[in-house]
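Over in TrEMBL, the protein carries these features:
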type    : residues                                      : note
DOMAIN  : B:4-185                                       : domain 'Electron transfer flavoprotein alpha/beta-subunit N-terminal'
BINDING : B:206, B:231-232, B:245-249, B:262-269, B:283 : FAD binding site
Ligand SMILES: Cc1cc2nc3c(=O)[nH]c(=O)nc-3n(C[C@H](O)[C@H](O)[C@H](O)COP(=O)(O)OP(=O)(O)OC[C@H]3O[C@@H](n4cnc5c(N)ncnc54)[C@H](O)[C@@H]3O)c2cc1C
Ligand SMILES: Nc1ncnc2c1ncn2[C@@H]1O[C@H](COP(=O)(O)O)[C@@H](O)[C@H]1O
């Protein structure tokens, strides 16, 4: 089975994240780039499926040069090889362009199963997997907390508002995972060393037959009109419980008319 | 006036509050037309949609629309976008709502904005990004604006509309039937309000200590007519079902009041509750990061503070 995992590099949520003042896109230099957490769960799931059913795991990332760190991390976990889609024309792409660029690349490299995280910590659109399914005409098995494969059939548990749905489809398919699905492994020393020798293929937009007029900040379908740093929350009152903490909280709630 | 499509969220034939919010928003920008997808349309539903200003209701009530994942709803909306040329499409910004919006955007070659917390003239959307650190105005620059709006972003205001019913038949493509729902499992929530819609949410974390002890969180919630939420540590431990997880990978809530008991305030938790209007914290560790965003906090043992608070509320009623 040919499994492709879409992995994104995001600014570390522990550092201050910014938009650029010039083109109002994410400032990728302001913060350290790390692998998007949910993408680690996606890599882990791909590795487990490979261990159970055989095949190969390819990491696919669209991002600037420094996204190679993120690719190495996924390779160190155990993925077999990687494709890095990198081109200045892609800078500032929105969800529609990103899904288009990834779909074009996926058509080139081929797949039985594509696994994504259900959300990234920076864009947080949560739309990528659904958009890929739409563009590629493949079944959408998203928000999965469990994936099972038997032959050409695939079943997932899809997390819903009220609990979960059991969903069936046949391969090839697009899956996105939530963090309940597994516990990602830490790369071993051996894994880290091995990752250095694994093949990372670089694609520019021409290699993936991506139309330059469909990507990048100038061609985005939506735009940031303006932005401002939010005023910090006013410091609140914190009191130590002296046996009357519940009463004091009730006083506060009453002062705010909640009771 | 031009039509604005509002995708109706409904459970057991009842219209959800977020839809009434979207109708209210739509009214300020055009003429709201509700889109009912799936079985269960009733006089009651019609009454609710009329009360909040729907001039039209497009009803597509075949079971197929809900028996396959997301794609059918996007196809239904895309066919309406093609035939009615609405000024915009509004969808609730829930996990599924965003997926519908995403597919619809691809189908109609239109821009899409998710997690809007407000919407104004020219469909300029307000968004709060990076965990509440930056406020953004964004707008769609191509196609029909598709905007996913977070529940609790605006107060629903009644204003009567005609709610003229129009049946819609969609011939679903094979691609829309690719992922079939074969079973639905509901995790009971009792009589409490729905988490994303509740005006007050009381959440418990690892500090609650056990599933049984969540009873003290539930009692406090019930005394306030609130929904119950949980941190990931609590849902992972099996103390509370995952459907109640608040945070980056759970629900995003934005209630008038959020009470966090025994929750440390990890960034992933804060991502789901940071826009709450008032935040009250009960935690025994004065260094817990959740205090940084608290309007009011008690440093103490929740086993003492929470029951005392519940009792006080009962006394003052
Ligand atoms: C990909 C990913 C996604 C995630 N998504 C989410 C998410 O959606 N939602 C989420 O919540 N987390 C999420 N997390 C997990 C998050 O990082 C934290 O681990 C989690 O929020 C911690 O839960 P907690 O605050 O209940 O537990 P802890 O961090 O262990 O905090 C427990 C708190 O309870 C206090 N306490 C203990 N006993 C008492 C007592 N008797 N009285 C009062 N206070 C007490 C302690 O002082 C402590 O501050 C995610 C993590 C990852 C990696
Ligand atoms: N630039 C990218 N390269 C590869 N995968 C991506 C990229 N952007 C998003 N994804 C995938 O889409 C998921 C959801 O991201 P988002 O829709 O941005 O919330 C991520 O977890 C990734 O799996």
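Just so you know, glycine gets a Cβ as well, placed from its N, Cα and C.
Here the features listed in TrEMBL are painted onto the structure.
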{"residue": "B:206", "record": "FAD binding site", "Cβ within 10 Å": "16"}
{"residue": "B:245", "record": "FAD binding site", "Cβ within 10 Å": "28"}
{"residue": "B:248", "record": "FAD binding site", "Cβ within 10 Å": "24"}
{"residue": "B:263", "record": "FAD binding site", "Cβ within 10 Å": "31"}
{"residue": "B:266", "record": "FAD binding site", "Cβ within 10 Å": "18"}
{"residue": "B:269", "record": "FAD binding site", "Cβ within 10 Å": "26"}
> In terms of Cβ proximity below 8 Å, which binding-site residues out of B:206, B:248, B:263, B:266, B:269 neighbour chain A?
Replying inline: B:248
>> Under DSSP, is residue B:269 (FAD binding site) part of a helix or a strand, or is it coil?
In response: helix
> If you run the three-state DSSP split on residue B:206 (FAD binding site), which class comes out?
Replying inline: helix
